[in-house]
Amino acid sequence: MKPTILDGREVSASLRSSLQEECKELVEKGHQPGLAVVLVGNNQASRTYVNMKKKAAEALGFHFELIELPEETSEVELLTIVEQYNRLQHIDGILVQLPLPEHIHEQRVIEAISPDKDVDGFHPVNVGRLSIGLPGLKSCTPYGIMKMLEYYGVDLEGKNAVIVGRSNIVGKPMAQLLLQENATVTIAHSRTQNLSAVTKQADVLISAVGVKGLITKNHVKPGAVVVDVGMNRDEEGKLCGDVEYNELLSLVSAITPVPGGVGPMTITMLLNNTIEAARHRLLTSAYSYTSR
Ligand SMILES: Nc1nc2c(c(=O)[nH]1)N[C@@H](CN(C=O)c1ccc(C(=O)N[C@@H](CCC(=O)O)C(=O)O)cc1)CN2
């Protein structure tokens, strides 16, 4: 039987149309959701992603500000800008595009963003809240994967979920989200012994490593659901994931393509988080929207 292709563009289109309605409601209440994105330096891929964020945010009706800073920007200058945006009442979400130039300490910058405006979900307060099941802003890529699995009706209850990769941005929050849905979760990583023996246990296998061709048919149990978070380039410069997609089509029950799988969900969940942040600030803060 043909596998279900987990189509991130389709899921994104559906979620974005609901988010557009939610944005309209907030505007009618007197507040336009505001997103500020900071781009430091000349990384071309980062510039592409930031432009995609701008286009998506404006299409929904958000107020969007792009703060472009030169490669030589110091950490102190960047921290000062983040602190300014923390105080701006018309800004609900702040995102600093990663990676940052090497002379800037990424974690210090992440921690400078107010947790209430941390639409990437990377601040330790949000990470901690996720780990104990409290509401908070969630990391966009794993949150998007959960939305995708929900859209396609993938049952997680009691299932073996194996995540390959233990990054703070994808692997670890992915584990927390799957655990919340009662999956039995394993995180494999670069020191895992006999990786294929571990991944073959997976009903749901998520690869978030960034190594082209890492996951082959020898790593996958027949009928598994496979989610590819990898963003790699092949010899011709074409975008590809961690998973040997074509080889797995006859083996799996569902699979994400690259491009067109997880990637679009990352930006959709950023939009979702900005709306969540705006709603939360509207409910909890005493500030007046007229003070903009
Ligand atoms: N502050 C952050 N920095 C980075 C994040 C992040 O979530 N927050 N994630 C990645 C890059 N990223 C968003 O910033 C991102 C990557 C890829 C896509 C995407 O839609 N990819 C498309 C293909 C696009 C292309 O052709 O190049 C796809 O997979 O279909 C969206 C967002 C690192 N930095």
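From the backbone N, Cα and C atoms, a Cβ is placed for every residue, glycine too.
Helix, strand and coil counts from DSSP across the domain 'Tetrahydrofolate dehydrogenase/cyclohydrolase catalytic' (6-120) read 61 helix, 19 strand, 35 coil. If you look up TrEMBL, you'll see 6-120 marked as domain 'Tetrahydrofolate dehydrogenase/cyclohydrolase catalytic'.
Helix, strand and coil content of the domain 'Tetrahydrofolate dehydrogenase/cyclohydrolase NAD(P)-binding' (139-280), in residues and according to DSSP, is 53 helix, 26 strand, 63 coil. What TrEMBL lists as domain 'Tetrahydrofolate dehydrogenase/cyclohydrolase NAD(P)-binding' is 139-280.
Residues or ranges marked as NADP(+) binding site by TrEMBL: GLY165, ARG166, SER167. The Cβ neighbour count for SER167 (NADP(+) binding site), using a 10 Å radius over every protein chain in view, is 17.
The Cβ of GLY165 (NADP(+) binding site) has 23 other Cβ atoms within 10 Å, all protein chains considered. Excluding GLY165, ARG166, SER167 themselves, the residues of that chain whose CB lies within 8 A of the CB mean position for the NADP(+) site are, in sequence, ILE163, VAL164, ASN168, ILE169, VAL170, GLY171, LYS172, ILE187, HIS189, ALA208, VAL209.
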